[in-house]
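Participant: Okay, here's the structure, questions in a sec.
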Amino acid sequence: MWNFSPRSEKKERVDTTSLSLFNTIPYTMSFQRSSARALRAATKAAAQPTSQHVAKRSISMLSRTAPRVTMNTRATGVRGIKTLDFAGTKETVYERGDWPLDKLQEYFKNDTLAMIGYGSQGHGQSLNARDNGLKVIVGVRKGGESWKQAQEDGWVPGETLFDIPEAINKGTIIMNLLSDAAQSSTWPEIAPLITKGKTLYFAHGFSVVYKEDTKVVPPKDVDVILVAPKGSGRTVRTLYLEGRGINSSIAVYQDVTGKAKEKAVALGIAVGSGYLYETTFEKEVYSDLYGERGVLMGGIQGMFLAQYEVLRKNGHTPSEAFNETVEEATQSLFPLIGKYGMDYMYNACSTTARRGALDWAPKFKEANLPVFEALYKSVRDGSETRRSLDFNSRKTYRQDLQKELDEIDNQEIWRAGKTVRGLRPDANKDEL
């Protein structure tokens, strides 16, 4: 029997700490910072085989005829700008090999990067840029939870940690990493401080693309750029510390100096990206909102629930239903798809599994296409934006959100999952 060790990209826990500043309305939930110990434990758990039941099932599903995979061991030092063929479409990618540390530091020697907000992205990007030797300051509401967290991470009040107006005044590159709702509500205070000669940086195109709803209209005399990491701020930090770097997209909304794109690429490397590809503000936000609501979160939760419920209605136990729906997928199959591709999985699985997957995949595509079409339309016409801004600006936002999260936490599938996760050999019982 072919032996394999499923390994996944390292995962991290996310938090429920909200960013608050200017003493305004509640903002969207930012991720609570877990301890380094918890992050290491979660990372280790993600790379380990799961319970014996799932490991045995997964091994038996894979055949002896799995294709050989050639690993790329090329050193990062030879990386740089290149044009690649993505399924027949030529695209240019920018890699960190073109921006060695001395070049990066020289490029930004006269700049001060003002990180506005210290949520998930603010935390990861600011620490990476600081570790790369750039001059970085953080701007948050004085005395708030984010202020305290920033202090714990080594930011010094009056030296590298300021309230938001002072940080913007001191900065040359203003990196607005507040939540989407916070960017909208604080823009009247922030906008007058974005003076000529500064650069305005975003990690998401939301506020600018949906400016009719957010009222975020950048000044005409500044460069406006975007670096959007394809992962949470925790992942941005973790991959940087591992020496790998996350992939990110870059975009230019406004180029006053003629150097906006170059600046975006350099900043992308500075905050921890391994490689970058070009997009537009509009395409970035469309794909991001669409993906989150689709297969990344909303769609996968819906699929998990549907499969689990059918199994339970047909007499399967909670443990069996969870293992066949979630555990085997997340601990064995998804990591292999991520590492080698779906074609690899189809070649590697048993003849019975392969025949069933080939027959049913088109049916699932046909059933889901109308939902995804409706979802993309809802993103493009701004419906998702208005709903998000409305909900995240409520005075009862935290209570309303917690009610919805509690409902998910109390669903049988996820209650069963806590017990299943506890069976993993290296499970940390305190984290379940």
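Glycine is no exception: its Cβ is also placed from the backbone N, Cα and C atoms.
So TrEMBL says this about it:
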type    : residues               : note
DOMAIN  : 89-279                 : domain 'KARI N-terminal Rossmann'
DOMAIN  : 280-427                : domain 'KARI C-terminal knotted'
BINDING : ASP288, GLU292         : Mg(2+) 1 binding site
BINDING : ASP288, GLU324, GLU328 : Mg(2+) 2 binding site
BINDING : SER350                 : substrate binding site
Participant: Whole-number Å only: compute the distance from the Cα of GLU328 (Mg(2+) 2 binding site) to the Cα of the residue listed as 'substrate binding site'.
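Facilitator: Rounded to the nearest whole number, the Cα-Cα distance is 15 Å.
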Participant: So, in DSSP terms, is GLU324 (Mg(2+) 2 binding site) helix, strand, or coil?
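Facilitator: Once the DSSP labels are grouped into three classes, GLU324 (Mg(2+) 2 binding site) ends up as helix.
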Participant: Cα-Cα separation of GLU324 (Mg(2+) 2 binding site) and ASP288 (Mg(2+) 1 binding site), in Å?
Facilitator: 29
Participant: Which one, from the binding-site residues GLU292, GLU324, GLU328, has the smallest tally of other C-beta atoms lying within 10 Å of its C-beta?
Facilitator: GLU292
Participant: Between the Cα atoms of GLU292 (Mg(2+) 1 binding site) and SER350 (substrate binding site), what distance do you get, rounded to the nearest Å?
Facilitator: 32
Participant: So for ASP288 (Mg(2+) 1 binding site), how many other CB atoms are inside 10 Å of its CB?
Facilitator: 18
Participant: Measure from the Cβ of the residue listed as 'substrate binding site' and count the other Cβ atoms within 10 Å, all protein chains considered.
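Facilitator: That number is 12.
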Participant: Looking only at C-alpha atoms, tell me how far SER350 (substrate binding site) is from ASP288 (Mg(2+) 1 binding site), rounded to the nearest Å.
Facilitator: 35
